[in-house]
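*Asks:* Have a look at the structure that comes next, please.
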Ligand code: DX5
Ligand code: ZN
């Protein structure tokens, strides 16, 4: 039986009722909070920044899985550690010295994640896979919730799983974008460990049941 981690994306929450939606995640079968930070430069959208994350962290009772869609993420590693993030994921495409960035994240007591855009080949991580706690495969182009899942992701999950196994690494594979009950099982069967779901969860009539359903179909 697989123990898939469901990480609802707070980006799709109702920001006018943020505490209510955070409590819903606290009470649900979800294991993590997925936090999307966008700077309007790396991606063509701005989400929210430190004061909002601080408010989320105050109420969240589960680990904060923070996905930075920003340029030059090294500038903010300490800030996100101080805000209580458990995993800090940076984009491969935004890091010139990825190995150094990963070490800095770990030196600040967080798990180190690397996100890959849909066009970025998983083989590029071969030489650093043992330094990465989590690879976030983007199954949409980052920047917006509610987009359609890119089918090529299944192939990438299998290729990445093969690299992880070959290197005897314990890296988790996370899928981010367009996750629904239609693709969750196939993703987990291909090797995914963590499923991020934004609009599918928060757009549902009963988000808490939707999280439970998502979890049960992956078993
Ligand atoms: C996209 C973000 C995702 C997004 C997922 O750039 O990284 O985490 O919130 O939302 P859905 O599940 O709606 O595609
Ligand atoms: Zn994300």
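Just so you know, glycine gets a Cβ as well, placed from its N, Cα and C.
These came from TrEMBL, pasted as-is:
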BINDING   9, 67, 143, 144, 145, 146, 176, 177, 178, 198, 199  substrate binding site
BINDING   34, 36, 67, 176  divalent metal cation binding site
ACT_SITE  36  active site, proton acceptor
ACT_SITE  176  active site, proton donor
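Context for these features, please: burial, neighbours, distances.
*Replies:* Sequence-distant neighbours of residue 143 (substrate binding site) (same chain, six or more apart, CB under 8 Å from its CB) are 38, 43, 44, 45, 69, listed in sequence order.
Cβ neighbour count for residue 176 (substrate binding site): 26 (other Cβ atoms within 10 Å of its Cβ, all protein chains included).
Taking a C-beta cut-off of under 8 Å and a sequence gap of six or more, residue 36 (divalent metal cation binding site) has these contacts in its own chain: 9, 10, 11, 47, 67, 69, 145. Under DSSP, residue 36 (divalent metal cation binding site) is assigned to a strand (E or B) in the three-state scheme.
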*Asks:* May I have the list of same-chain residues other than 34, 36, 67, 176 whose Cβ is within 8 Å of the Cβ centroid of the recorded divalent metal cation site, in sequence order?
*Replies:* 7, 9, 11, 35, 65, 66, 89, 136, 196, 198
*Asks:* Within a 10 Å radius around the Cβ, which one of these binding-site residues has the most neighbouring Cβ atoms: 145, 178?
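*Replies:* Neighbour-count leader: 178.
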*Asks:* Residue 9 (substrate binding site) has how many other Cβ neighbours within 10 Å of its own Cβ?
*Replies:* 24
*Asks:* What is the separation, in Å, between the Cα atoms of residue 178 (substrate binding site) and residue 34 (divalent metal cation binding site)?
*Replies:* 14
